[in-house]
């Protein structure tokens, strides 16, 4: 067994002449063993002294003596950096809560036995516009809430310096600057519970918030009355069939057509267009005046048209017994005519020859009625949203005001901490990368040198710097890449499968994807034949459909969090590699002197803001791809027959296609971003606390480097006289890394597949 020998020493640098070749008093070399090469370097401080254990609490993060007292602070002294960000997130959540509470109070002031409250009833175009704007606002608010939750979750999972010290002593490492699940095992339990609370409170929001308010279309049943001109002109009328098939009394119809303004006269083209719609909302009973002179009665024939679902206004196209002689009627494989909507334009083109039920129509009289589309609120859902919103505010305010420790949020925070008080477990490992640490952990279960010293094994070796191509993709682990891209691909496969089902369901109906529109309710695109939305009362039926319609929103939120973590890892590495090329101050949570303030945590605003906007856009696109479809049905007398004649999910193939296109673009853009190159002159540390620490052993004379502009490179003179050179962050002069030269060691090579 090799015996570990005392370390050799360096001479202190001549600070009067920084260009001289005198050595700096820094940690440079690997442990020297009997089997290691002989290097001429000097070191007056032993690497590890078991009589002087590694501290797990540092000057950088030491609580005050009276730490049990409630924190008392001023706004200027406490609301800095990430705390102000957490307060901003809480502020957005408070605004959201106020809006939701006002909405809930207003809804609660209206009688609603079923929990469904009508906010507005009237013009369908106004309802459509209101629905669009409200849902854009909901998606914007939910996106901001998700971003704020992610922000605070990252703050909660960020480790403190004592937690990092304990992890390093035990041969583990933690993540810095990125969203991390790994850290949950090392942070205090209360922070883990708060992290879980923020995450779980987002689930009901995305499952329900989009449908807290919803539109309900209306459709009117109507009677068809085929009459002679005498029905209009005569004060009385006679009927060929005293037993009318209509709900409305023909006597009332006869009286109403003689009242100016109740019925509107339409020619045959206008008549067809007025009733060739899936949901007849602004008209009701229709009187068709014929040329038939062979019947003595003024009311020739009447029948009632009810809302039928898929085949709407079919009477317009197929009730003419001679229609096949006039046009080519598209039919399915069973020789049934396709929905009238697909070929009604042909009927309009031959309107002069149109003879519904064999009667030669001269003109129509259409009963005009006010539209009864409605915009509704769901009280139970709004109450759940308010509760989740309040929970988020409580946690966010706790993070902003009551989180006592100083977590290392950004990579700048970590570098500052390690420069202020060096980590003795990583001395002499200046070229250590995350890949080295992970390989060592997977090979031996730990990476810490203290473990190896206990067994007397060689842990550190010098290493030769070699050129290599380092891409942005390498800054994140294979697991993170696999999960992010894998889940995105899986989601796109599911969307593609649903799109295929959607297209197949409209095949043979004559509809095109473009004709079905974008997020519009159409009988052909309402999911039918399933138990969802078909059982229970109105509230139960609607909520069941809501959960199905909004499930993709929750999945998208999960994808957003994964993508955010991946992009954060890549931009973290980009910021890290910049320190090779330029000297600059650290970007930290609480700037001192010339230090810079943080971005949106680790992500720059130029990335974080577009990413949130993209998330909001995708949430809206998905809400148009599969959505709640509610239709209220009124009788031909104007009475409400059913407030939820339809309560199901509608779908839009066009919106699904746009979601697919957006998803593919995101994957391609992310992969292209990963192909960009980093500087290979600095080890790729990723978010690994151990690798970051190893790069932060500056010369002893540079004690206040953290508050100065720093650069990473070779310490001048550290490798003179054939010794092993050393690299570090320093405010002093640095030299570029020279490929082929030996530098202070890395952990022993372990052959493990990563």
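Keep in mind that glycine also has a Cβ here, set from the backbone N, Cα and C atoms.
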With TrEMBL as the source, identify the stretch among 310-332, 333-355, 356-378, 379-401 annotated transmembrane segment. 379-401
Any idea which of 110-131, 132-153, 154-175 is down as transmembrane segment in TrEMBL? 132-153
For the transmembrane segment entry in TrEMBL, name the matching range from 582-606, 607-631, 682-706. 607-631
With pairs closer than 6 in sequence left out, are the transmembrane segment (192-209) and the transmembrane segment (607-631) joined by 3 or more CB pairs under 8 Å? no
Based on Cβ pairs under 8 Å, which of the stretches 132-153, 192-209, 481-503 lies most in contact with the transmembrane segment (379-401)? 192-209
Tell me, please, if the transmembrane segment (481-503) and the transmembrane segment (86-107) are in contact, taking contact as 3+ Cβ pairs under 8 Å between residues separated by 6 or more positions? no
Model confidence over the domain 'DUF6536' (82-232), averaged pLDDT: 88
So what's near the transmembrane segment (651-675) in sequence-distant terms, Cβ-Cβ under 8 Å and 6+ beyond its ends? 471-473, 481, 484-485, 488-489, 491-492, 495-496, 498-499, 502-503, 506, 513-514, 516-520, 525, 527, 563, 566-567, 570, 614, 617-618, 621-622, 624-627
